[in-house]
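Here's the structure, in structure tokens; my notes come after.
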Amino acid sequence: MASPRLETYCCPNRDAATQLVMNFQPEVFCGVCIGSASISLLLTMLQLLPKKGQSPRKMPKASSSSTILLLISICDILGGLGMIFRSSVWLGFPGFIANISVVNGTDVWPSAFCVGSAMWIQLLYSAGFWWLFCYAVDSYLVVRRSAGLSTIVLYHMMTWGLAVMLCVEGIALLYYPSLSSCENGLEHAIPHYITTYAPLLLVLVANPILFRRTVSAVASLLKGRQGIYTENERRLGTEIQMRFFKIMLVFVICWSSNIINETLLFYLEMQPDINEMPLKNIRSAALITWIIMGVLNPMQGFLFTLAFYGWTGWRVDLKWRKREIPWESMSSSTAGENAYPSPVNYQSNIHDSKKISTTDSQQTDEAIGMLSEGNTSSDERLTRSSPIYQGW
């Protein structure tokens with residue numbers, strides 16, 4: 001589970017609200033995190049592996065959007081591994097973890113583990129948030145025909161640069177001037193919480209706006225292909241809209257509990273005594289949302305693959321190494337056959353289309369295909385008539 005409270009707990013003089021949640025059934029909480037992260041990790045890998053019986057897909061060129069979707073899944077996988085490792089050490093070495101609370105202790109390894117594992121989790125999930133924002137930006141730019149492979153370099157610089165900068169800045173302000181004196185005042189904690197939740201709130205606010213503008217642009221793009229808006233095109237536009245809705249739904253489900261929990265804990269911090277009876281319901285709500293976070297945060301990886309690709313099935317093709325691996329096809333200007341459940345589908349959706357400019361039609365087909373990737377029902381409809389595939 002990703003929360004700024006993980007870093008705050010590394011302070012021996014941590015606040016009472018952090019102490020409340022971190023000391024609430026730690027064995028149960030760590031077990032929940034390990035179970036949820038392990039299930040999500042296995043199912044995510046199952047989703048990404050190529051399956052038997054899948055027909056190879058033609059990919060005229062690589063897509064920055066497809067690369068972003070894969071990177072989001074990688075960030076979720078690595079973040080989940082960090083949760084499993086941290087929770088396993090927490091359960092397996094209670095004496096080692098107990099030294100974190102020792103003020104002026106001589107053993108620095110418990111504190112180093114606490115800070116390092118918490119930073120790893122925060123950095124990976126924060127990077128995932130930035131990649132999700134880049135996906136919304138790229139989707140809009142693709143439809144506007146302003147994006148391409150060259151932009152992925154800019155996305156890398158923005159995502160990893162901002163994620164590292166915010167993480168380091170928040171940690172530095174939290175632990176200044178030393179690990180033993182952090183959390184002596186809110187001036188240390190608030191900047192850390194802001195840098196943690198800034199990318200999350202950005203996705204919640206900006207992505208729906210960008211997705212809505214992309215859907216509107218897709219409708220205009222589809223109408224412009226033949227001057228009419230057919231039932232097939234309307235259905236494709238609806239499917240793209242549903243894809244964006246699923247992405248945001250997964251995000252809200254997995255992270256809304258974090259915002260609620262942090263709001264409750266921050267309110268408790270403002271109270272002179274959090275153990276007062278009038279605050280009992282708030283304490284209970286904070287503990288409940290804390291456990292919910294341990295379940296939902298790690299599940300984001302698997303749920304996102306469902307939103308991106310749909311359910312890809314159980315029958316894994318163990319001979320997939322003989323074929324072109326996905327990141328090779330992403331880095332090349334031309335592509336071969338690939339049984340990986342690629343998030344790119346370049347088939348068009350117009351049957352018996354009239355002949356139009358090959359260049360404009362190809363750009364339109366690719367732009368729409370990047371947004372309608374991975375949808376089986378779309379794959380069955382979007383066939384053959386596009387100039388991209390004529391002659392293949």
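Glycine residues also receive a Cβ, built from the backbone N, Cα and C atoms like all the rest.
Note: TrEMBL annotation is automatic and uncurated.
Pulled from TrEMBL, these are the features on record:
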- 371-392: region 'Disordered' (REGION)
- 28-46: transmembrane segment (TRANSMEM)
- 67-85: transmembrane segment (TRANSMEM)
- 119-141: transmembrane segment (TRANSMEM)
- 153-178: transmembrane segment (TRANSMEM)
- 190-211: transmembrane segment (TRANSMEM)
- 244-267: transmembrane segment (TRANSMEM)
- 287-311: transmembrane segment (TRANSMEM)
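The list of residues near the transmembrane segment (287-311) in space but at least 6 beyond its ends in sequence, with Cβ under 8 angstroms from a Cβ of it, reads 1-3, 20-21, 24, 28-29, 32-33, 36-37, 39-41, 43-44, 47-48, 69, 72-73, 76-77, 79-80, 83, 125, 128, 243, 246-247, 249-251, 253-255, 257-258, 260-261, 264, 341, 343, 373-376. Per-stretch counts of Cβ pairs under 8 Å to the transmembrane segment (190-211) identify 119-141 as the leading one among 28-46, 67-85, 119-141, 153-178, 244-267. Sequence-distant contacts of the transmembrane segment (244-267), counting only residues of its own chain at least 6 positions beyond either end whose CB sits under 8 Å from a CB of the stretch, comprise 2-5, 17-18, 20-21, 132, 139, 193, 197, 200, 203-204, 207-208, 211, 214-215, 282, 285-286, 289-290, 292-293, 296-297, 299-300, 303-304, 306-308.
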